[in-house]
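Asks: Sharing the feature lines straight out of TrEMBL:
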DOMAIN    5-111  domain 'Acyl-CoA dehydrogenase/oxidase N-terminal'
DOMAIN    116-212  domain 'Acyl-CoA oxidase/dehydrogenase middle'
DOMAIN    241-376  domain 'Acyl-CoA dehydrogenase/oxidase C-terminal'
Amino acid sequence: MPLEHLLATVGHIAATTVTEEAPSIDGQGQWPEHSIRALQHAGLGGLVVTPEFGGHGQGLFALSRACELLGEVSASAALCYGMHCVGTAVIGSKATPRQQQEFLRPIAAGEHLTTLALSEPGTGAHFYFPQTQLLALSEDEYLVNGSKSFVTNGGRADSYVLSTVGVDPEAARDGFSCLVVPNNTAGLEWGPEWKGIGMRGNSSRSLLLKDVPVPAQYLLGEHGDQLWYIFQVVAPYFLTAMAGTYLGIAQAAFNEARQYLVERAYRHSGATLSQNGLLQHRLGMMWSNIERTRQLLYHATRLGDAGDPGAVLPILSAKAEMGHCCVEVVNEAMTLMGGSSYGQSSRLEVLLRDSRAAHVMAPTTDILYTWLGRALLGQPLLEE
Ligand SMILES: Cc1cc2nc3c(=O)[nH]c(=O)nc-3n(C[C@H](O)[C@H](O)[C@H](O)COP(=O)(O)OP(=O)(O)OC[C@H]3O[C@@H](n4cnc5c(N)ncnc54)[C@H](O)[C@@H]3O)c2cc1C
């Protein structure tokens with residue numbers, strides 16, 4: 001299916017199911033069940049799965065645009081869908097024939113939801129240094145022990161992409177490795193839902209893994225491949241999906257502010273705020289902020305989809321810049337909209353809370369700029 005049709009379908013679902021569900025997603029912190037099921041039902045679960053396995057074979061640009069459209073209505077729904085697609089991309093990049101059948105085909109058929117469980121309480125923003133232990137019991141089986149934090153779609157997904165560190169005495173089996181673990185695996189213990197001030201419907205939960213037996217067939221790629229996955233797949237897909245989500249938040253705030261300036265009329269003068277020169281200027285600056293950051297994101301995702309090695313810096317930069325853009329635009333909209341935006345449960349209140357995740361979700365804004373600086377200086381990115 002051509003990309004325009006796919007995006008038109010996402011736009012339709014955003015305007016209908018997601019719009020209907022958005023108040024309860026934020027208001028009651030409900031996981032966006034109807035929105036995710038509608039996306040899966042429309043075949044969008046397999047957005048980034050190759051056509052060979054029934055998917056649409058799309059990449060970074062399509063995912064970031066889909067998250068942008070969803071994020072304009074519900075950032076939580078965009079986050080949950082985005083994390084499914086990032087997890088899918090991780091599974092799909094080196095899937096064995098068995099993993100293709102067990103995960104990719106059901107994902108493309110809308111029957112399987114996956115997600116990433118990388119972050120840990122012990123290493124926080126440095127999610128690429130997991131401490132969850134992977135012990136090879138035999139050629140066919142591992143034992144996994146550790147804990148994960150902030151797992152989006154936690155308890156809702158059908159499988160979880162985990163990062164681990166090998167504790168095998170054989171050096172060849174050492175290093176950081178990724179696994180995909182089905183939700184019905186024995187020994188997965190979920191913590192209570194974490195209550196964020198924003199992104200309230202993402203079902204973010206902690207996961208304790210106590211002597212979890214995992215068949216060797218669920219290893220993704222080779223032993224020690226985790227950093228390959230992080231930089232080749234997780235970073236580009238995650239950063240652009242999240243940048244798309246924050247772009248959606250910024251656009252929504254801009255739309256609210258613009259509408260307010262048009263509609264707000266004073267009785268003493270009969271003028272609307274849209275006639276005020278200073279506010280016209282500030283609206284123009286908001287638009288410019290969004291547009292230049294949008295173009296950076298689109299440029300970065302297109303380079304990434306083309307396999308251009310020069311895509312790395314624009315992709316890192318796009319998520320960091322989008323974090324600033326989103327927070328600035330939402331703050332500016334709050335100022336332009338006066339007391340009405342400051343009211344509890346206003347649309348701006350939701351956008352303000354959601355936008356604040358932009359800087360703290362790893363790779364965080366500060367760490368991204370540090371990686372950029374190191375890359376520009378020819379230094380290894382992960383040095384402390
Ligand atoms: C809404 C939400 C959803 C999430 N979903 C997922 C998910 O689905 N899967 C998943 O794996 N994780 C997820 N996370 C976790 C997230 O990606 C981060 O890993 C986590 O929020 C950061 O960990 P922390 O709170 O321990 O921060 P800390 O590690 O305590 O960091 C605090 C601050 O210090 C800064 N900092 C730390 N070290 C450095 C440094 N060297 N240089 C500069 N600054 C530094 C960080 O940038 C950050 O701003 C989610 C988080 C949120 C808020």
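Using the three backbone atoms N, Cα and C, a Cβ is placed for every residue, glycine included.
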Asks: For the domain 'Acyl-CoA dehydrogenase/oxidase C-terminal' (241-376), give the DSSP counts of helix residues, strand residues and coil residues.
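Replies: Helix (H, G, I), strand (E, B), coil: 113 helix, 2 strand, 21 coil.
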Asks: DSSP says what for the domain 'Acyl-CoA oxidase/dehydrogenase middle' (116-212): how many helix, strand, coil residues?
Replies: 3 helix, 46 strand, 48 coil
Asks: The domain 'Acyl-CoA oxidase/dehydrogenase middle' (116-212): mean pLDDT?
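Replies: Value for the domain 'Acyl-CoA oxidase/dehydrogenase middle' (116-212), mean pLDDT as a whole number: 93.
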